[in-house]
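Listed in TrEMBL for this protein:
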type	residues	note
BINDING	Thr121, Asp147, Asn177, Ala178, Ser195	S-adenosyl-L-methionine binding site
Amino acid sequence: MAARLLIRRAAISAARPVFASPFRAACLYSTAEKPPSSAAAAQSPPSEPDTHFGFQTVKESLKAGKVAEVFSSVASSYDVMNDAMSFGIHRLWKDYFVRSLNPGRNPGGQPMSILDVAGGTGDIAFRMLDHAEKINADRETSVICADINADMLREGEKRALEQGYMSTNRISFRVENAETLDSVPDNSIDLYTISFGIRNVTRIPMALAAAHRVLKPGGVFACLEFSKVSLAPLDTIYQQYSFSVIPLMGQLIAGDRDSYQYLVESIKNFPSQEQFAQMVKEAGFMNVGKGYEELTFGVASIWKGVKPLDSK
Ligand SMILES: C[S@@+](CC[C@H](N)C(=O)[O-])C[C@H]1O[C@@H](n2cnc3c(N)ncnc32)[C@H](O)[C@@H]1O
């Protein structure tokens, strides 16, 4: 059966003019400096709240566009860069993340409906399907790979073709903003995942509220994200590596220093493990255990929450 390709190109092209020029302008300046005011910035209502874009302060309405510019720029080199920057460790974290969720039908149960938000090039979605099939003998569980950026999803589609998933109805790709998840009905999802995506979202509480809305009661929220290194000597080395080596790698491998500078700044800005666990709780989820599990001394962490059965 033909795969469901629901990339709504109109949505992304409609969004582009909002963000294209301000980001390019910002790239000419160091991250500590403010970019010159642009037409788009001038049009922002004066009362609009500010937010972070890496270490820059920008109006909320501009952030999603700037983030989209970053990921459009890195889309074709994203997988190679991930391996280079993390020495392949991101694969181990993602394997562990998926294994810990054990996706797929339990004996006698129904296939699962999984939503992978900020799914990018499909790293988590493919692992979910592989696990469901190989561990739970389930070829019916399906994954929606949703992302705000059509360029990232197109890379995912290419991989789905190579891996033989495009000829099944088990994966679909959709342009969606994590803050709204417009096309996803209430109480329709068994498992919501977001991997290395939440820190890029402008209004994280809105994304958590959307996750809560789309999950069925009893459904699971799971987030894999960079976090705060818990071992002081390792943190010193890690900060040196992040701010000196990663932007340089971005320049040499992907020809794009600024995007990788943003990525390391956005990691630094993300809340602590405890703070984010509290945000998950405030969104209406029951934390699993203390709410998070650190990987590699806190370089990354996994947060999990369950939507209570008595939720609407
Ligand atoms: C670092 S990549 C992670 C991709 C993939 N989940 C992985 O683990 O390899 C971050 C992704 O978040 C997406 N993203 C950023 N803001 C988003 C938003 N508001 N809604 C949905 N996706 C978003 C980006 O387009 C990008 O594909």
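Glycine is treated like the rest: Cβ placed from N, Cα and C.
All TrEMBL annotations are machine predictions without curation.
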All-chain count of other Cβ atoms within 10 Å of Ser195 (S-adenosyl-L-methionine binding site): 25
All-chain count of other Cβ atoms within 10 Å of Asp147 (S-adenosyl-L-methionine binding site): 27
Binding-site residues compared (Thr121, Asn177) - highest count of Cβ atoms within 10 Å: Thr121
